[in-house]
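Engineer: To start, I am sharing the structure in question, which I have written as structure tokens.
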Amino acid sequence: MPGSLPLNAEASWPKDVGIVALEIYFPSQYVDQAELEKYDGVDAGKYTIGLGQARMGFCTDREDINSLCMTVVQNLMERNGLSYDCIGRLEVGTETIIDKSKSVKTNLMQLFEESGNTDVEGIDTTNACYGGTAAVFNALLIGPNAPLIFERGLRGTHMQHAYDFYKPDMLSEYPVVDGRLSIQCYLSALDRCYSVYRKKIRAQWQKEGNDRDFTLNDFSFMIFHSPYCKLVQKSLARMMLNDFLNDQNRDKNSIYGGLEAFGDVKLEDTYFDRDVEKAFMKASSDLFNQKTKASLLVSNQNGNMYTSSVYGSLASVLAQYSPQQLAGKRIGVFSYGSGLAATLYSLKSRLDSRTCVAPAAFSESMKLREDTHHLGNYIPQSSIDSLFEGTWYLVRVDEKHRRTYARRPSPNANTLNEGVGLVHSSTATEHIPSPAKKVPRLPGTAAEPEAAVISNGEH
């Protein structure tokens, strides 16, 4: 893998391998978190301030992981004018399993049938929220001359065995979570990934005659996997703590003024140290506003997107800054998946005024009814009227658990190419004002709209 290549092997690396275009999909419905606080009977601000969440998107029984993937792949292809017969590799990162054998990728091949292209490599990659990043790394050798470039040899990875968040019960949509351990695993993985990354970039810089340490100031943007927004702010503060402890001349650095009392702390003793946390969150507040806050747009409005969370953060940055503002900037990316697997890597933007990229990322926001997700001989009851135009949705699950999908009619390609490229619909902005602990069953529609149908079996 490229991250393991020695620096002297860079000549074999294709030119400018990276990200050419991104596509985002999120549910058309959401629960307002201030209203959810009232409904749950908790203190005002518990979700909106304590977790940093404004809204949480959810899906009805009309959508599953297959339909979400089909929607985002087809929108990406249409928006960028791509033909299915020119695709040679398609990787899927997900932690949502419908079938314990058949992959999501094979479902996506339904989109390729008309083109006749079946020579498409790649398959599903699964490890909690890290699956998306693993899928990206699997595809890194494809697609040179990208506007967002992966920096060669600069990846810090940490993997270990832990039961912090896992899903052992195949009949349940819900995980087993050790909240305290999960936070400790996340922060300790960040510490170790950042340490490895710093060592690698310092070694590279020394070969170039630049003998200094890498710090947060060397990232123009720093984005994170975002289970909830407040953890992201704590994580940036954590990186500043790492810089502080690594700086041999910190007493002379004005950015660390008032932090002298923490000079002898050990990282492994500070995961739940409130004094350290508060002090470094305060000290890093300006850095957070400059480098990270913009990345939380999608997370704040939609909640945790699992494997795609960190790419929703990347999409948020791309959506709010022009190509000229991003040109030459280094974007740090920390991806974490429970269990655990984590990587900190960096992207360099070579966007200019002649390059246009549709900003966004694939979303895996799965808030399905737990009593319908694995049923056979099932017809979804929710209305499709609230779905965005161009959305694939579940039509039925037959007695053999084979799934049939259809697509809500989409705007024409010219419309899709305008603006930032998000799919909008005047009928798709329904707000659910009174959230329930279980997602309510929405009334069925009287008639299905005209749509193309794709089936997984004979019906």
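Heads up, the Cβ atoms here are built off N, Cα and C, so glycines get one too.
Model, not experiment: these values are computed from the prediction.
Per TrEMBL, the features are:
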type	residues	note
DOMAIN	13-140	domain 'Hydroxymethylglutaryl-coenzyme A synthase N-terminal'
ACT_SITE	E95	active site, proton donor/acceptor
ACT_SITE	C129	active site, acyl-thioester intermediate
DOMAIN	148-408	domain 'Hydroxymethylglutaryl-coenzyme A synthase C-terminal'
BINDING	S182, K230, K234	CoA binding site
ACT_SITE	H225	active site, proton donor/acceptor
REGION	425-459	region 'Disordered'
Engineer: Could you check the active-site residues C129, H225 and say which one's CB has the fewest neighbouring CB atoms inside 10 Å?
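Structural biologist: Per-residue Cβ counts within 10 Å for the active-site residues C129, H225 bottom out at C129.
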Engineer: Considering the binding-site residues K230, K234, which residue's Cβ sits among the greatest number of other Cβ atoms within 10 Å?
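Structural biologist: Per the Cβ count within 10 Å, the most buried is K234.
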Engineer: S182 (CoA binding site) has how many other Cβ neighbours within 10 Å of its own Cβ?
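Structural biologist: A 10 Å sphere around the Cβ of S182 (CoA binding site) contains 20 other Cβ atoms.
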Engineer: Quick one: DSSP breakdown of the domain 'Hydroxymethylglutaryl-coenzyme A synthase N-terminal' (13-140) into helix, strand and coil?
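Structural biologist: In the domain 'Hydroxymethylglutaryl-coenzyme A synthase N-terminal' (13-140), the DSSP-based counts are 46 helix, 18 strand, 64 coil.
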Engineer: Using only C-alpha positions, which one of E95, C129, H225 is spatially nearest K234 (CoA binding site)? These are the active-site residues in the record.
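Structural biologist: Nearest listed residue in space: H225.
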Engineer: Which are the residues of the chain, S182, K230, K234 excluded, whose CB is within 8 A of where the CB atoms of the CoA site average out, their centroid?
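Structural biologist: Not counting the recorded site residues, we get I183, Y186, L187, P227, Y228, L231, V232, S235.
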Engineer: Near H225 (active site, proton donor/acceptor), which recorded positions out of E95, C129, S182 have their CA within 10 Å?
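Structural biologist: Cα within 10 Å of H225 (active site, proton donor/acceptor): C129.
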Engineer: Pop the mean pLDDT for the domain 'Hydroxymethylglutaryl-coenzyme A synthase C-terminal' (148-408) in here, whole number is fine.
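Structural biologist: For the domain 'Hydroxymethylglutaryl-coenzyme A synthase C-terminal' (148-408), the model's average pLDDT rounds to 89.
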Engineer: Record lists S182, K230, K234 as binding CoA; longest Cα-Cα distance in Å?
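Structural biologist: Among the residues the record ties to CoA, max Cα distance equals 15 Å.
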Engineer: How many Å separate the Cα atoms of S182 (CoA binding site) and C129 (active site, acyl-thioester intermediate)?
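Structural biologist: The Cα atom of S182 (CoA binding site) is 12 Å away from the Cα atom of C129 (active site, acyl-thioester intermediate).
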Engineer: I need the CA-to-CA distance for the residue listed as 'active site, acyl-thioester intermediate' versus E95 (active site, proton donor/acceptor), whole Å please.
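Structural biologist: Here the two Cα atoms lie 7 Å apart.
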Engineer: 10 Å Cβ neighbour count around E95 (active site, proton donor/acceptor)?
Structural biologist: 24
Engineer: Give me the Cα-Cα distance between E95 (active site, proton donor/acceptor) and K230 (CoA binding site), rounded to a whole Å.
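Structural biologist: A Cα-Cα distance of 23 Å.
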